[in-house]
Amino acid sequence: MASFVLLFLLALTGRAVGQTNDSTEPMCHDWGESSEAAVLVLDGEAGWVSCPLFSHPAVYNYTTAQSAGHDLVWYRLLDGHDLEQPIPYSARVSRERERLWLQPAVANDTGQYICMLRNKSSCSRIAVRLQVLQRDQAVQSAGCPQVAMAATEELIGFQQGKTLTCPNLQDASKMADSDPTVNWTYVKQDMSKCDPYPFWDIHREQVGTRLRIYTMVSPYEGLYICTVRYQRRGGSLSFTRSIKVSGIYPTTVSKDPTILHPTNGKVFPVRTSSDIHLTCRGLLPFIIDKPEREIWWTVDGKRVEQLNDGRFSQTNSTIDDHRDLKAETILNIRDVQSEDLQRNFTCSVRNARGSMARWVQLEEEVSLPSVELGCGLGVTLVLMLLLFVVYHVFWLELLLLYRSWFGTDERHTDDKEFDVYISYARNSEEEQFVLSTLRGVLENELGYSVCIFDRDSLPGGTITDETLSFVARSRRLLVVVSPGYASQGSQALLELKAGIDSMALGGHLRVILVQYRPVQRQSLVRELRRARVALALVRWQGDKSKELTSRFWKQLRLELPVRRAGREEQQGSGKEAALMRLISQNSTNSQTGLISNTTKKPQNVPNSAA
């Protein structure tokens, strides 16, 4: 810009480069071709070319140049020609101040146009490229007017309003014989549809030649095409322009830049001789007419490019959110050194409204004993897995071992006489199992005191009373479940009811179910069906359960009372208890002199007794 102004002034004063004091003819300074002033015109539309020499009015404008005796002359160099030719003015091609009008432009007008400003002592010239596009060369959306010139841009704050004026409308008004008319067309952002005005909403309205947007919302963003038509010298002329409308956050929202990450004074652990990446994210609001925004890292107050250290580099990226930028910059540090731990790393953001900075530091990372932790964790997992497997396989043995160490011998906490009362169906198979197998193991091998009604009851007693007495004086009621058990009115049903009632009333009796043979649920009495739901069930599996180390006996021992005394003591206690019961029974019968009318019936009890 400064060089252009200096050379332009020298050219106007006759002291341009290459001019001598003795020369009588001025040397014309040639500025070449101006790429910024290139013009595109659609074939058949009105267009014009402006002389770029007057694009800097602070240096020289058209009025001042005319008053100083300078003349503006236009030449053209058409495509395919070598010599510049004067422009023949006509009704179609005319000059208006610093502009050359083509009303309308045709395909043959394409070429280079030179404007020359000169007087007797100075001369300056500059060229402009004009290209007349054919209809098939212009950008066109489906059903939309064709536009040759690039779109201008309008930014409107959301929930705010603005009035759109078609570009160059005032220029057309100066050339028109009457007021021009404007037709507006809206093209969506995806270019999928073209809607001519009216747009059928209350927030956009054409007022005269202008388009008023009262309330800006996201659906109104897109391209607005305006077609200007005017009359000149009896002919109808037109040209088309476009405006790209974008929504931005309104001015009522804070426009101060903000750092989102990291927090001020954050400390990053790092190991020396390693690489680290420090990330800074910020929000940079957009300010109209002041778009300059920046985010950067400094190391001890110096930017990365000022450090002259190849270990430091910076990577930037941005995301556009309605012109507000969500920016991110990453400071990459290779081969961290010990002196880097003492440096101050600062992230800064800036726009036209202000700036913000946050600093971070590096510290030596404390190395954890990863090998020791890994080995310890591995050993712990192996031990946990091993314990799980051991418990899953030997849980019965573990529970029995725990009971033997910490279990309480119930003989010291109650006044019961028997450990187990066995209830079973009185038939040959179940009776043989109870008398030969269960009784033998419980008394001879495990040392429990066992009560079996048919064996331990005395002659002459009442079955109902003695049954209830035996159940009440036992710590466990062991019920041998089989298909023939607990038929209606049997003694077994009486024993089962007595045991369940004792448990329900909060007594110390517990009921254990031993399944001797599988039984269908529908064949069981109501009491036994309910008992199977709530009580422990130990299954006898024939030959597999005969060994004392089998699962059957282990599960049964878990349900039986804890025993810590030797087997001989248990057997002695059982004999003494039987002797005491015999003496007590004889003494009672002799005193009362009563003889029971009811005899013992191992199989059934009358319904009235039940």
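Note that Cβ sites are derived from N, Cα and C of the backbone, with glycine treated the same way.
Where the annotation comes from TrEMBL, it is an automatic prediction and has not been curated.
Per TrEMBL, the range carrying the annotation region 'Disordered' out of 289-311, 588-610 is 588-610. Summarising model confidence by region, the domain 'Ig-like' (257-367) averages a pLDDT of 93. Mapped onto DSSP helix, strand and coil, the domain 'Ig-like' (257-367) counts 9 helix, 62 strand, 40 coil.
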